[in-house]
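Student: The annotation topological domain 'Mitochondrial matrix' is assigned in Swiss-Prot to 1-15, 67-72, 224-232. Residues or ranges marked as transmembrane segment by Swiss-Prot: 16-34, 41-66, 73-105, 129-152, 156-183, 191-223, 233-256. Taken from Swiss-Prot, the feature topological domain 'Mitochondrial intermembrane' covers 35-40, 106-128, 184-190, 257-261, and the record attributes it to similarity to another entry.
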Amino acid sequence: MTHQTHAYHMVNPSPWPLTGALSALLMTSGLIMWFHFNSTTLLMLGLTTNMLTMYQWWRDVIRESTFQGHHTPNVQKGLRYGMILFIISEVLFFTGFFWAFYHSSLAPTPELGGCWPPTGIHPLNPLEVPLLNTSVLLASGVSITWAHHSLMEGNRNHMLQALFITIALGVYFTLLQASEYYEAPFTISDGVYGSTFFVATGFHGLHVIIGSTFLIVCFFRQLKFHFTSNHHFGFEAAAWYWHFVDVVWLFLYVSIYWWGS
């Protein structure tokens, strides 16, 4: 930071916003090609471009923060605000799904048989796999908090252990959810019940996969001694995101699985 007299990070010109925008265009065009022409070539190209962009952009962020020291307290404050706003936007995203669910379930139309779940739908038992999923995510919330406290206290081994447990629980949750989808007696095309169930729980599952990936990156960074007790925003952001995923699941469980059944 010797070459500047302020605490802010003046970012160097980067190609990643451009390649990110290109990947978004390729993915959306690819989805249309897949839906209408059953061709996945453009979609795969878009997904590959997106993955490469994310990998290289975040690699640059890690270089700037860990090795070049650009992430001063002022910069970290801005990143914190950014992460908080991102999580708020995700809350509003899920609010739309809950709105759709309650709009359909609180006043079922005659087409649904005037009842909820609609006539002919056999909902999943909330006291079986969904309850196990709930306990798995709650346990992962405890282990990520243990990891955070261990990091604050400078206990590297405990932090790695707790982080590994959290990742394992996240993967276990994803596998349970996949098996539940496979065995579900209804599909996404079974009216508004199937739509709201699979879209809401499916997007939550996607967020669990994203959160698990975020934590895996943090795990490998910690193996390379990237985090200290007073400089670890990358891990902190991952922990906040994981707690958000946790809370959304509790609302999904109570609304869709328990009350909705």
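We number each residue from 1, going along the chain as drawn.
Yeah, the Cβs are placed from backbone N, Cα and C, and that goes for glycine too.
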Student: Tally Cβ pairs under 8 Å between the transmembrane segment (191-223) and each listed stretch (16-34, 41-66, 129-152, 156-183, 233-256), then give the stretch with the top tally.
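Tutor: Highest pair count goes to 233-256.
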Student: Quick one: do the transmembrane segment (233-256) and the transmembrane segment (16-34) have at least 3 Cβ pairs under 8 Å, skipping pairs fewer than 6 apart in sequence?
Tutor: no
Student: Work out, from DSSP, the number of helix, strand and coil residues along the topological domain 'Mitochondrial intermembrane' (106-128).
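Tutor: Across the topological domain 'Mitochondrial intermembrane' (106-128), DSSP assigns the residues as follows: 4 helix, 0 strand, 19 coil.
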